[in-house]
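Just below is one structure, and these are the notes that go with it.
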Amino acid sequence: MSENESGRGQAGASRVQRNEDADVLLQDPDLPPTAVDADKEDGGWTPLKIAVWVGIALLGGVSWTVLAIVRGETVNAMWFVFAAVCSYLIAYRFYSKFIERKLLRPNDRRATPAEYKADGKDFASTDRRVLYGHHFAAIAGAGPLVGPVLAAQMGYLPGTMWIVIGVIFAGAVQDYLVMFFSMRRGGRSLGQMAREELGLIGGTAALIATLTIMIIIVAILALVVVNALGESPWGVFSVSMTIPIALFMGVYLRYLRPGKVSEVSLIGFALLMLAIVAGGWIAETEWGVALFTLDRVTIAWGIIIYGFIAAVLPVWLLLAPRDYLSTFMKIGTIVMLAVAIVITRPEISVPAVSEFASRADGPVVPGTLFPFLFVTIACGALSGFHALIASGTTPKMIEKERQTRFIGYGGMLMESFVAIMALVAALSIDRGIYFAMNSSAAATGGTIEGAVAFVNGLGLTGVNLAPEALSTLANNVGEESIVSRTGGAPTLAVGIAQIMQGLFGGAGMMAFWYHFAIMFEALFILTAVDAGTRVARFMLQDTIGNFVPKFKDTSWRVGAWICTAIMVAGWGAILIMGVTDPLGGINTLFPLFGIANQLLAAIALAVCMAICAKKGAFKYLWIPALPLAFAAVVTITASFLKIFSPVPTVGYWANHMAFRNALAAGEQSFGNAATVEAMEKVVRNTFIQGTLSILFVTLAIIVIATAIMATVRAYRTGGGPSAEDPAVPSRTFAPAGLIATPAEKELEAQWANLPHDKKPARAGH
Amino acid sequence: MSVKELIWLFKGVMGENAYQQYLDHHASTHSSEAPMTERQFWRDKTDRQDAHPEGRCC
C-alpha cells in the first residue's frame, strides 16, 4: 500500500506539468473503477436504437415541414413542441456528444472540485439530477418568457427557428463550455478566467462590460415589472404581498424550523395563492382601488427603494426565502404550462413570417429581422448572463466531469423549451389584441379607440380589431385596460390565462390565471433584481478595492452601502428613463437588453475560444468560434445600426439629432412627443441610450480582439500554458446522464457493494 | 420514478438536503470536532451567502 501511494505521488507530480496525461491517472486498486471504459460506454448501435433515432428524426422533419413549408389557415401548437423536442434530442445525443468527444474530452478518472476541494458547503458533490434542477432554476427566469413574446411580431417562424437552432449551436454550447472550463479551474468565475486568458486589457474590459451589462439587464427587467403593474391595483397588491410573505418565511426558517425548506415553500406558495385571490377582492373595493392604483413612476420608485433595501438586508431575511419561493414557482409553472399546452393544443393563426420581418417600423420593437430578431430573443437561444452562473456556482457542485454535458448543455435546452412555450402562448392570442397590447402608448394614446384605430391602420392581413374585443378581455382578466401593456409579461399572461382557462375554471378563472402569470413573472424578475444588485455590488467593491483597499472588506457597512447605492442609482436611472420615455420605453430600450446579453455571450465564447486554442484544439476551434462569430456580427451590426442608422426609429443618434433640430427650430411638438418638455426628454434619453451602445460595442470589440490575439499567439506556438488545476485522481463514481447506461449500472452496483468504511462521501439518498 | 424518489428530487432541487450533505461530508473526514447543529448550519449557510452572493439569471 505504501509503495503504491508513493508511486501515485510521483506520477501525480510529473502530471502537474502535462494535464492532458490525466487519462492515465492511477486509481486506488482497492476501489472499483471510477469511470466507464470508453468502448463500453454506449453499448453500440442496435436495430432498435437505430429505429428510435430514425423515428425521432422523421417526426422532427415532418414537424419542421409543417411549420416552415405547409401553409394552412392555422397551425397547431403541437408541431412547435414536436419540432423543438426532436431537434433537442438529436442535438443532445449527437452534437453535444461530438463536443464532448472531440473538444472537451472530460475524464471521469479526474476528481472534480466538489471532490478534491470538498467542504460540505460550497464545494459539495451533488446528485446530477438534483444539480440539473438547481442549475436550471438559476439560469431560467423571466428572460425566455419575454423576448419570444416581443419577437412574435415578426411571425412564428423566425423566432422558433432562432430559439431552436440558436440554442443548439450557440446557447447550449456556451453554457457547456463555460461550465466545463470553470470546473477544470476549481470553479473560477468568468471574470477571473477572462483575466487569466486574455490578459490585463481584455480582462478589465470584460469586467467593466459585465458590470454595465448587469445594470442595463436589471433596469430593463424592472421596467417589464413596472409596465405589468402600472394602473393595476390587483397586480400591485398581490406582488407587494410577496415581500411580507418572504419576510415571514425568512423568520420561520431562521428561528422556528431551520432547514425545513420544502415545508416553508409550501406555506409560502399557499400564502401567495391567497394574495392573488385577495388581490381580486381588493380590486373590487373602492378603497382598494384608491390605495393600490399607482402610476408607473411611483411603482418604479418603489422598486428602486425596494432594490436598495433588499440588497443591504441580511440574505436570510428576504433574499433566501424569496429565492425558495421563486424556485418553487419556476418548476411548478413550467410543468403546468407544458401540460396545459399538450392537453389544449391551441391553434395558431399568426402568419409564419409577418410583414414586420422585413420592415424597420414594427410597433413592438423596431428594426428588421436581421439583426434585431437575434437581439430581441436572447434568453432561450443564447444568453450571456448564463456564463456568470455556469462559472462559479454550479461547477463547485458537479460530481463527475462527464456530467457537465447533461447539466450544462441539457440545462440550456430546457430553458430553450421554456422560450418555445412562451412563444406558443403569445402566438395563441388574437393578432389584433397582440398589437393593441404591445404598441406603445405613444402610438395608441392608451385608449381603446386609439388602439383600434392604430392596429387596424397597420394594414395587416386578416386583422380586424373590434373595440369590444379589448374591453371584454380587459374585463375577463380583471384589469381596467389592456391597451399598451408593453413589456411582454402581460401578453404572455393573457396567453397563459387563455390556455389555462381551457383546462381549469373556464372564463370565470381567467382573471386568476392572468394574475397568477403576472405574479410569477414579477417574482422571477424581482429575485433577479435583488441578486443582480447584490452581485454587482460585490463586483464594484472588488474593483474599487484595487484603488481604495478598504472597499475589499465586504463586511464594512459604509462601503457596502455606497456601492449598493451606486449600483441601484445606475439601474434606477435607466428604469426611470424607460418609464417616462415619451417614445414608449420598452420598444426603445429592449434592443439594448438583448445587445447587452449577447455581448456578454460573445465575451464568454471569446474566453472559451482562447482556452481551446491554448489546449491546442485547433481542429475543433470552430465549435466556439462559429457562435462567437455569429454573436459578434449580430451584436456589432445591431449596435452600429443603433449608433449610425439614419432611420430615427432605429438609430438613437438619428432620433437625438431629429429632436434637437426640432427644438432648435422652435417647434412645440415633434413626432410622438407632444410638448417641448417631452422633446427635451427624448433628446436626453437618446443621448444616454446612444452612449451606452457605443460603450458596449467598444468593450466587446476589445474583448474579442484580445481573444483573437490570444488564439493566434497560441496557434503560432502550438498551444499555451494551461490554467487548469492539477489533476487529482477521483475516488468516486456516478453516471453521466439522466438515465444510467447498463455499464454505469454495473459500476454503480460494484460501488454499492463496497464495505461501508470505504465508501466515498456523497449526498444521502 | 417512484413517489419517494420524486420527493427526494424535489427536496434536493429546493436545497433542503444541504444539512444532510454537510453531515455526510463531516463524517467522511473523521474530524474530531463535533459537526454544527442544524440551526447553526443554516445560520452559517445564509451568513456565507451574505458574503458570497449567487447570481440569478434573467
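Backbone N, Cα and C atoms are what each Cβ position is placed from, and that goes for glycine too.
Remember, TrEMBL labels are computer predictions, not curated facts.
Going by TrEMBL, these are the annotated features:
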- A:76-638: domain 'CstA N-terminal' (DOMAIN)
- A:1-40: region 'Disordered' (REGION)
- A:50-70: transmembrane segment (TRANSMEM)
- A:76-95: transmembrane segment (TRANSMEM)
- A:136-156: transmembrane segment (TRANSMEM)
- A:162-183: transmembrane segment (TRANSMEM)
- A:204-228: transmembrane segment (TRANSMEM)
- A:234-252: transmembrane segment (TRANSMEM)
- A:264-283: transmembrane segment (TRANSMEM)
- A:298-320: transmembrane segment (TRANSMEM)
- A:327-344: transmembrane segment (TRANSMEM)
- A:364-385: transmembrane segment (TRANSMEM)
- A:558-577: transmembrane segment (TRANSMEM)
- A:687-712: transmembrane segment (TRANSMEM)
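When pLDDT is averaged over the domain 'CstA N-terminal' (A:76-638), the result is 94. Within the same chain, residues 83-84, 87-88, 91, 95-96, 99, 104, 106, 112-113, 139, 148, 151, 189-190, 193, 373-374, 377, 380-384, 386-387, 390-392, 394-395, 398, 401, 404-405, 407-413, 415-416, 419-420, 423, 601, 604-605, 607-608, 611-612, 623-624, 626-627, 630-631 sit at least 6 positions outside the transmembrane segment (A:162-183) and bring their C-beta atoms closer than 8 Å to a C-beta of that stretch. Counting Cβ pairs closer than 8 Å to the transmembrane segment (A:558-577), the top stretch among A:204-228, A:264-283, A:327-344, A:687-712 is A:204-228. Taking every recorded stretch in A:204-228, A:264-283, A:364-385 and counting its Cβ pairs under 8 Å to the transmembrane segment (A:136-156), the highest total belongs to A:364-385. Counted over residue pairs separated by six or more positions, the transmembrane segment (A:204-228) shares at least 3 Cβ pairs under 8 angstroms with the transmembrane segment (A:687-712), which defines the two as touching.
It is A:327-344 that, among the stretches A:76-95, A:298-320, A:327-344, A:364-385, A:687-712, forms the most Cβ pairs under 8 Å with the transmembrane segment (A:264-283). In terms of C-beta pairs under 8 Å, the stretch of A:76-95, A:298-320, A:364-385, A:687-712 lying closest in packing to the transmembrane segment (A:327-344) is A:76-95. Non-local neighbours of the transmembrane segment (A:687-712) in the same chain are 194, 197-199, 201-202, 205-206, 208-209, 212-213, 216, 574, 577, 588-589, 592, 595-596, 599, 602-603, 606-607, 609-610, 613-614, 621, 628, 632, 635-636, 639-640, 642-643, 652-653, 656, 720; each lies 6+ residues outside the stretch with a CB under 8 Å from one of its CB atoms. Residues 139-141, 143-144, 146-148, 150-151, 153-154, 158-159, 162-163, 166-167, 170-171, 174, 213, 217, 356-358, 415-416, 418-420, 422, 435, 438-439, 486, 586-587, 590-591, 593-604, 627, 630-631, 633-635, 637-638, 641, 649-650 of the same chain sit 6 or more residues outside the transmembrane segment (A:364-385) yet have a Cβ under 8 Å from a Cβ within it.
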